[in-house]
Amino acid sequence: MAALRAAKQALRKEVKRRVATVTDDEKRRQSLVVSQKLFSHPKYMSSQRIAVFLSMKDELNTQEIIKDMFKCGKSCFIPRYESTSSHMDMLKVNSLQDIETLPLTSWNIRQPAKEDDSREEALASGGLDLILMPGLGFDRARNRLGRGKGFYDNYLERCKKHPKGKPYTIALAFKEQLCEKVPVDNHDVPIDEVLYEDEK
């Protein structure tokens, strides 16, 4: 267990170092390429209720995706993380303006305030069709290296208990986040697909 934790920590450092060398322009370019791939993806096109992360600087930018979701009339859910635990809810947002009014967390991400109980939580209602997943690293066997808090793994376990079942999961990545092999144990939930810019 300790060896696995150490291996994950070492890989996190390595991937962060790689992503830190990518210029803002290149991040923007790759973000647009991956967003376009997503827009023509059958799962995205057929999904109505979608959870998406609000991106940090070292993650693929999701702004165009969020804009497209509102334009297409899809229901958009974003994470509210509890900093003291590994609990996360997916709460509905109504527009880009709605997102812009949300408070910033210590991680500099906008999310609904803890006391905001007016929003629909995805699992308290119709569940989710698709979750767009962040992460630090990914491999071609669809294993995901998170930030070590377990937010998404725990949320996917909760999804399995919902009548709708586990939603399809697509990770969005820079090609610099692809790894030879992500070390995992049986608590780590593999994702259905990783979208990134293919080397052609």
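All residue numbers here begin at 1 and follow the chain in the order shown.
Quick reminder: no glycine exception, Cβ is built from N, Cα and C everywhere.
All TrEMBL annotations are machine predictions without curation.
As recorded in TrEMBL, the features of this protein are as follows:
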type    : residues                                                                                                : note
BINDING : LYS8, GLN9, ALA10, LEU11, ARG12, ARG144, LEU145, GLY146, ARG147, GLY148, LYS149, GLY150, PHE151, TYR152 : ATP binding site
BINDING : LEU54, GLU59                                                                                            : substrate binding site
### Task
Specify the nearest of the binding-site residues ALA10, ARG12, PHE151 to LEU54 (substrate binding site), where nearness means the distance between Cα atoms.
PHE151
### Message
Taking every protein chain in this structure into account, which of the binding-site residues ALA10, LEU145 has the most other Cβ atoms within 10 Å of its Cβ?
### Response
LEU145
### Message
Quick check for the class: what is the C-alpha distance, in angstrom and rounded, between GLU59 (substrate binding site) and ARG147 (ATP binding site)?
### Response
12
### Task
Would you mind checking how many other C-beta atoms are within 10 angstroms of the C-beta on ARG147 (ATP binding site)?
14
### Query
What count of other C-beta atoms do you get within 10 angstroms of the C-beta of ARG12 (ATP binding site), across all chains shown?
16
#### Entry: Long-range Cβ environment of LYS8 (ATP binding site), under 8 Å and at least 6 residues apart
LEU145, GLY148, PRO183
### Query
Can you count the other CB atoms that lie within 10 A of the CB of LYS149 (ATP binding site)?
15
### Task
Would you count the other CB atoms within 10 A of the CB of GLU59 (substrate binding site), including those on all shown protein chains?
20
